[in-house]
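Student: Take a look at the following structure, please.
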Amino acid sequence: MVKKVALLTAGGFAPCLSSAIAELIKRYTEVSPETTLIGYRYGYEGLLKGDSLEFSPAVRAHYDRLFSFGGSPIGNSRVKLTNVKDLVARGLVASGDDPLKVAADQLIADGVDVLHTIGGDDTNTTAADLAAYLAQHDYPLTVVGLPKTIDNDIVPIRQSLGAWTAADEGARFAANVIAEHNAAPRELIIHEIMGRNCGYLAAETSRRYVAWLDAQQWLPEAGLDRRGWDIHALYVPEATIDLDAEAERLRTVMDEVGSVNIFISEGAGVPDIVAQMQATGQEVPTDAFGHVQLDKINPGAWFAKQFAERIGAGKTMVQKSGYFSRSAKSNAQDLELIAATATMAVDAALAGTPGVVGQDEEAGDKLSVIDFKRIAGHKPFDITLDWYTQLLARIGQPAPIAAA
């Protein structure tokens with residue numbers, strides 16, 4: 001019998017965390033009301049520190065209130081249990097301690113039978129490390145993860161929770177920001193969208209923004225011209241960017257339309273930026289997982305610098321939709337997937353089946369409990385998809401060429 005279940009949200013926010021917690025509470029209350037539910041605060045940091053809260057009967061009775069909010073009610077952090085040096089530096093473990101053992105011992109001390117991790121590839125691969133450690137040391141714990149990331153880059157999962165909503169919100173953000181295209185003559189607007197190594201979110205945001213444009217009624221005779229609101233360039237990490245050719249093409253757009261709007265993944269062009277920083281002796285900032293801290297190197301500003309003078313921009317503006325998009329409440333499309341995923345996660349946990357619940361691309365996208373050993377990150381966006389190549393053709397951008 002499962003007596004106690006712990007929930008944990010980790011990594012960056014996505015528009016699914018609060019809703020996923022709500023669905024897990026709902027399902028456990030339906031099928032195992034006697035099971036105690038707790039949440040570790042601030043992800044793996046809370047687990048290491050033994051910082052948790054219990055979901056009381058009052059919480060379980062009003063779980064539906066969580067659907068109205070984004071973020072995570074129990075908080076997140078970026079902690080990698082196998083990065084001992086970072087954990088010691090942050091005071092989360094003592095020098096000489098094994099963080100996996102500290103986490104495992106805390107779970108046992110708290111009497112936890114099941115741990116649900118809600119996170120992206122880093123969170124779930126960290127959960128896999130913990131699960132492997134527990135198995136080696138005969139700890140009786142079942143770990144069942146739920147896949148969360150707005151990058152939608154978890155292998156082998158078709159659709160991660162929150163990514164659809166993030167794209168919707170990014171398109172909504174763009175609808176307001178792009179209205180600035182004629183706030184000054186010859187304006188260059190760069191919409192920077194989250195996506196470290198994967199262009200999915202930038203592409204899907206662009207697709208949904210263009211769908212919004214298609215649904216509008218225009219009045220060019222009064223200056224309300226779709227051309228000024230359109231996307232003129234879309235750059236993702238998976239495709240090469242010919243800066244010279246693009247500058248020439250966008251100069252023509254600027255001359256004809258009077259403004260230029262560029263949508264980019266924050267990871268687009270990063271190898272060039274990093275190489276440039278290293279060549280000039282600058283330190284490249286990284287996080288606990290070894291990722292380049294993109295918010296500190298500002299890819300959008302870099303692209304603005306590359307293009308502004310060459311296309312004759314009178315004013316340049318860089319706007320980032322990332323935090324706006326990732327902190328939204330779940331939309332209807334995501335809510336349906338979250339409910340199905342949480343239901344299967346609870347059922348798997350009660351049956352003692354570990355893994356990550358997701359649409360398995362290697363099994364016809366069937367929602368399944370996927371073995372932790374098969375979970376990996378950095379799944380690239382497929383730049384050969386028909387809708388994507390058609391989108392680029394529509395905005396006048398050459399067909400994509402895969403980056404090396």
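Please read every residue number as a count from 1 along the shown chain.
Cβ coordinates are placed from backbone N, Cα and C, and glycine is handled just like the others.
Dumping what Swiss-Prot says about this protein:
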| type | residues | note |
| --- | --- | --- |
| ACT_SITE | ASP151 | active site, proton acceptor |
| BINDING | GLY12 | diphosphate binding site |
| BINDING | ASP121 | Mg(2+) binding site |
| BINDING | THR149, ILE150, ASP151, MET194, GLY195, ARG196, GLU266, TYR323, PHE324, SER325, ARG326 | substrate binding site |
| SITE | ASP122 | site 'Important for catalytic activity and substrate specificity' |
| SITE | LYS148 | site 'Important for catalytic activity' |
Student: Which has the fewest other Cβ atoms within 10 Å: GLY12, GLY195, the binding-site residues listed?
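Tutor: Least crowded of the binding-site residues GLY12, GLY195, by Cβ count within 10 Å, is GLY12.
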Student: Given the recorded positions ASP121, ASP151, which one's Cβ is surrounded by the fewest other Cβ atoms within 10 Å?
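Tutor: Taking ASP121, ASP151 as the recorded positions, the minimal 10 Å Cβ count falls on ASP121.
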Student: I need the most crowded of these recorded positions: LYS148, ARG326. Count other C-beta atoms within 10 angstroms of each C-beta and give me the top one.
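Tutor: When each Cβ's neighbours within 10 Å are tallied, LYS148 leads.
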Student: Drop a 10 Å sphere on every Cβ of the recorded positions ASP122, GLU266 and tell me which sphere holds the fewest other Cβ atoms.
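Tutor: Among the recorded positions ASP122, GLU266, the lowest count of other Cβ atoms within 10 Å belongs to ASP122.
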Student: Excluding near sequence neighbours, so keeping only residues 6 or more apart in the same chain, what lies with its CB under 8 A of PHE324 (substrate binding site)?
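Tutor: Counting only residues 6 or more apart in sequence, the Cβ neighbours of PHE324 (substrate binding site) under 8 Å are GLU169, GLY170, PHE173.
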Student: Would you give the longest CA-CA distance, in whole angstrom, between residues of THR149, ILE150, ASP151, MET194, GLY195, ARG196, GLU266, TYR323, PHE324, SER325, ARG326, the set recorded as binding substrate?
Tutor: 17
Student: Provide, as an integer number of angstrom, the distance between the C-alpha atoms of GLY12 (diphosphate binding site) and THR149 (substrate binding site).
Tutor: 8
Student: From the recorded positions THR149, ASP151, GLY195, GLU266, ARG326, pick the residue whose C-alpha lies nearest to the C-alpha of the residue listed as 'Mg(2+) binding site'.
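Tutor: Ranked by Cα distance from the residue listed as 'Mg(2+) binding site', first place goes to THR149.
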Student: Counting only residues 6+ apart in the same chain, whose Cβ is under 8 Å from the Cβ of THR149 (substrate binding site)?
Tutor: GLY11, GLY12, ALA14, GLY119, GLY120, ASP121, SER160, GLY162, ALA163
Student: Considering only the recorded positions ASP122, GLY195, GLU266, which fall within 10 Å of the residue listed as 'active site, proton acceptor' when distances are taken between Cα atoms?
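Tutor: Cα within 10 Å of the residue listed as 'active site, proton acceptor': GLY195.
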Student: Please tell me which one of the binding-site residues listed here (GLY195, GLU266, ARG326) sits closest to LYS148 (site 'Important for catalytic activity'), measuring Cα to Cα?
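Tutor: For LYS148 (site 'Important for catalytic activity'), the spatially nearest of the binding-site residues is ARG326.
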Student: From the Cα of ASP122 (site 'Important for catalytic activity and substrate specificity') across to the Cα of GLY195 (substrate binding site), what is the distance in angstrom?
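Tutor: If we compare the Cα positions of GLY195 (substrate binding site) and ASP122 (site 'Important for catalytic activity and substrate specificity'), the gap is 14 Å.
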